[in-house]
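Trainee: Structure provided below as structure tokens; questions to follow.
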Amino acid sequence: MQKLNVIKIGGNVLDNPAQLEQFLTDFASVPGPKVLVHGGGKIASELSKQLGIEPNMVNGRRITDADTLRVVTMVYGGLLNKNLVAQLQARGCNSLGLTGADANVIPAHKRPVKDIDYGFVGDVESPEQVNVTFLASLAEQCIVPVFAALTHDGKGNMLNTNADTIASTLAVALSGHFEVSLVYSFEKKGVLLDVEDETSVIHHLQPPYYAELKEQGAIFAGMLPKLDNAFAALEQGVKAVIIGDAAEIQIIAGGGKAGTRITL
Ligand SMILES: Nc1ncnc2c1ncn2[C@@H]1O[C@H](COP(=O)(O)OP(=O)(O)O)[C@@H](O)[C@H]1O
Ligand SMILES: CC(=O)N[C@@H](CCC(=O)OP(=O)(O)O)C(=O)O
């Protein structure tokens, strides 16, 4: 089976022009088929505030009312997605900006209201419903899809979906056709034992150690859903999951020793 990298770029790197430029240069030179996934939660929050819409995050997810949906559609699907594509084109990487609505790649449904009403937040239907045929045809043409953190409900509504979830869903769906590595790249060296100490990288993380570190509070906030997505992806056929520094993407994508390798 051919190898394919699904690489998610973290919000703090997107927000740092120098780091982003270096990441895109490195990403463009990663050989073989690849997919880029981005969020941009931080930038959406800033624009939201400028427009007088106060961001509201619950359990790491954005409560997405109709006005917020307009903002995230503009920021993720427009501003960020199109600029990333333009910057990749400038580096000789032929890419195509997509949301989950385009080519019906990622069908989703509005998250049902239980204790919390998340508004227009989308839960992906299932990896089996991802339009893998379309993605495989892009890979054949050496076109790199760049996904924004947006899906759709098939009834005319865009939905806001966490970018880590988009990345794991695409990785699982593509695992039937490719040997997939899922890379969560961000601004730190990997999953750290002490979040303030970049030298404390955990090189290898398995579920029991994860449970222990979670209990101790060493792993928290955005890293929790990221790791839950990572383990779920491995359970559903993704070959490798690595969490590491965006500045080390070439080493990680090349199978070298950097970041945190997640295994079952
Ligand atoms: N043990 C840990 N090691 C590294 N980062 C951690 C750890 N625990 C929590 N984090 C936090 O997780 C964040 C990354 O997740 P998230 O906020 O969802 O950002 P993104 O997915 O955009 O990179 C880091 O910026 C860091 O603050
Ligand atoms: C539903 C939900 O919370 N969606 C996220 C999508 C963006 C995202 O995931 O951005 P980062 O990867 O930069 O965190 C949000 O709007 O913040």
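Using N, Cα and C of the backbone, Cβ positions are placed for all residues, glycine too.
Checked TrEMBL, it gives:
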{"type": "DOMAIN", "residues": "3-243", "note": "domain 'Aspartate/glutamate/uridylate kinase'"}
{"type": "SITE", "residues": "Lys8", "note": "site 'Transition state stabilizer'"}
{"type": "BINDING", "residues": "Gly40, Gly41, Arg62, Asn160", "note": "substrate binding site"}
{"type": "SITE", "residues": "Lys226", "note": "site 'Transition state stabilizer'"}
Trainee: Any idea what DSSP makes of Asn160 (substrate binding site), helix, strand or coil?
Mentor: strand
Trainee: In the same chain, outside Gly40, Gly41, Arg62, Asn160, whose C-beta lies within 8 angstroms of the Cβ mean position for the substrate site?
Mentor: Gly39, Ala44, Ser45, Thr64, Val72, Val75, Tyr76, Ala149, Asn162, Ala163
Trainee: Please report how many Å separate the Cα atom of Lys226 (site 'Transition state stabilizer') from that of Gly41 (substrate binding site), as a whole number.
Mentor: 14
Trainee: Under a three-state reduction of DSSP output, how is Gly41 (substrate binding site) classified: helix, strand, or coil?
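Mentor: Assignment for Gly41 (substrate binding site) reads helix.
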Trainee: Look at the recorded positions Lys8, Arg62, Lys226 and tell me which residue has the greatest number of other C-beta atoms within 10 angstroms of its C-beta.
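Mentor: Checking each of Lys8, Arg62, Lys226, the winner is Lys8.
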Trainee: 10 Å Cβ neighbour count around Gly40 (substrate binding site)?
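Mentor: Excluding its own Cβ, Gly40 (substrate binding site) sees 25 Cβ atoms within 10 Å.
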Trainee: Inside 10 Å of the Cβ of Gly41 (substrate binding site), count up the other Cβ atoms and send me the figure.
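Mentor: Total other Cβ atoms inside 10 Å, all chains included: 25.
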Trainee: Using all protein chains in view, find how many other C-beta atoms are within 10 Å of the C-beta of Asn160 (substrate binding site).
Mentor: 28
Trainee: Could you check which of the binding-site residues Gly41, Arg62, Asn160 is the closest Cα neighbour of Lys8 (site 'Transition state stabilizer')?
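Mentor: Closest by Cα distance to Lys8 (site 'Transition state stabilizer') among the binding-site residues Gly41, Arg62, Asn160: Gly41.
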Trainee: Taking all residues of the domain 'Aspartate/glutamate/uridylate kinase' (3-243) together, what is their mean pLDDT?
Mentor: 97
